[in-house]
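Working notes for the structure below.
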Amino acid sequence: MEEQYISKLHPVVDYGAGVFLLIIAILTILGNSAVLATAVKRSSLLKSPELLTVNLAVADIGMALSMYPLAIASAWNHAWLGGDASCVYYALMGFLFGVCSMMTLCAMAVIRFLVTNSSKSNSNKITKNTVCILIAFIWLYSLLWAILPLVGWGYYGPEPFGISCTIAWSKFHNSSNGFSFILSMFLLCTVLPALTIVACYLGIAWKVHKAYQEIQNIDRIPNAAKLEKKLTLMAVLISVAFLSSWTPYAAASFWSIFNSSDSLQPVVTLLPCLFAKSSTAYNPLIYYVFSKTFRCEVRKLRCCCGWRVHYFSSDNSAENAVSTWWSGRDNVRLSAAAKAESPGAAAP
């Protein structure tokens, strides 16, 4: 089996893939570390569901630290390093953190939908303990799926291009046991969470749209409605970025189930894999664009590192307004607190 760990790509392509992963790893670690640092600094202001954002950052950093160094070294070595043991480790880590990210996004969408369509008293029932229990369940669920191939249901193996490892899709072609694993995993870890995310955000978008129309008709605080729409858009973009990154990889993987692994050129199987791994770097960029709080905290971190950065201080009310993207109906219906904001404070 060792010959399968030799790169099937041109050395220049291997080197380029390694450079790309190195850039993604740096962006992922720096960006998500800033997210975690901001969360720690503002821990007393974080609403309980925002812990899911922290969990997403932890999963992204975990993937970057546990997987990318080995992938980069293998790409520059033009062959996979470590043989079967490191291949299983790499594939398991990828599966664990991938499922964890997907289920975290699904939980974020569901909670966002629930609090948007609930009264303030009901939305307040989502406590930090509740979210911590949910996060623990997400990790246990992800770990369960990750270890199933180790106990005989499913397989781990090298990618067709030879310098990465994942679920051994091509082995499932003539295996009923493997095919049942793929079908179950695809439904419970991909299709159902993706459909749930889409359904929840469509429901939120409709709710926000109706509320915005009502605000326009009665001329009440348009800035607050713009804030809610912007925060909802941020949440949608996080999910869209993840799903878009992994969809080409899922398509290529399913192609290899029903066709020979040689039916696609190695570089064709490489590109979706690299695109999927880039998903870990997107979220901090989205936060930076949409959240004034995060921008200010990043600038403060840069100043702490000795970089001279000039910026205008922001009002605490603006920071609180941005952190209320989980606050549900109060945002949609423009609570008394939103009415009390200054005209420029609502927009992040």
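Cβ coordinates are placed from backbone N, Cα and C, and glycine is handled just like the others.
Under the heading domain 'G-protein coupled receptors family 1 profile', TrEMBL lists 31-287.
What TrEMBL lists as transmembrane segment is 15-40 (among others). For the transmembrane segment (15-40), the list of distant contacts is 9, 46, 50, 53-54, 57-58, 60-61, 63-65, 68-69, 71-73, 75-76, 163, 270, 274, 277-278, 280-281, 283-285, 287, 293-294, 297-298, 301: same-chain residues at least six beyond its ends, Cβ to Cβ under 8 Å.
Sequence-distant contacts of the transmembrane segment (52-76), counting only residues of its own chain at least 6 positions beyond either end whose CB sits under 8 Å from a CB of the stretch, comprise 7, 14-15, 17-18, 21-22, 24-25, 28-29, 32-33, 35-36, 39, 46, 82, 86, 90, 93-94, 97-98, 100-101, 104-105, 107-108, 111, 131, 134-135, 138, 163-164, 238, 277, 279-281, 283-284. Per TrEMBL, transmembrane segment is recorded for 52-76 (among others).
TrEMBL lists 88-111 (among others) with the feature transmembrane segment.
Per TrEMBL, transmembrane segment is recorded for 131-156 (among others). Outside the transmembrane segment (131-156), and at least 6 residues removed from its termini, the chain residues within Cβ reach (under 8 Å) are 48-49, 51-52, 55, 87-88, 91-92, 95-97, 99-100, 103-104, 107, 111, 165-168, 171-172, 177-178, 180-182, 185, 189.
The transmembrane segment annotation in TrEMBL covers 179-204 (among others).
The transmembrane segment annotation in TrEMBL covers 231-255 (among others). Sequence-distant contacts of the transmembrane segment (231-255) (same chain, six or more residues past either end, CB-CB distance under 8 Å): 56, 98, 101-102, 105, 108-109, 112, 166-167, 169, 186, 190, 194, 197, 201, 204-205, 208, 263-264, 268-269, 271-273, 275-276, 278-279, 282-283, 286-287, 290-291, 322, 324-325, 331, 348.
Same-chain residues lying 6+ beyond the ends of the transmembrane segment (267-290) with a Cβ under 8 Å from its Cβ atoms: 9, 13, 17, 20-21, 24, 27-28, 30-32, 34-35, 56-57, 60-61, 63-64, 67-68, 71, 101, 159-161, 164, 166, 230-231, 233-234, 237-238, 241-242, 245-246, 248-249, 251-252, 256, 298, 348. Taken from TrEMBL, the feature transmembrane segment covers 267-290 (among others).
For the transmembrane segment (179-204), same-chain residues at least 6 beyond its ends with a Cβ under 8 Å from one of its own Cβ atoms are 99, 102-103, 105-106, 109-110, 112-113, 116-117, 145, 148-149, 153-154, 167, 169, 172, 232, 235-236, 239, 243, 250, 254, 257. Same-chain residues lying 6+ beyond the ends of the transmembrane segment (88-111) with a Cβ under 8 Å from its Cβ atoms: 49, 52-53, 55-56, 59-60, 62-63, 66-67, 70-71, 82, 126, 131, 134-135, 138-139, 141-143, 145-147, 149-150, 156-157, 164-167, 189-190, 193-194, 196-197, 200-201, 235, 238-239, 242, 246, 279, 326. The average pLDDT computed for the domain 'G-protein coupled receptors family 1 profile' (31-287) is 85.
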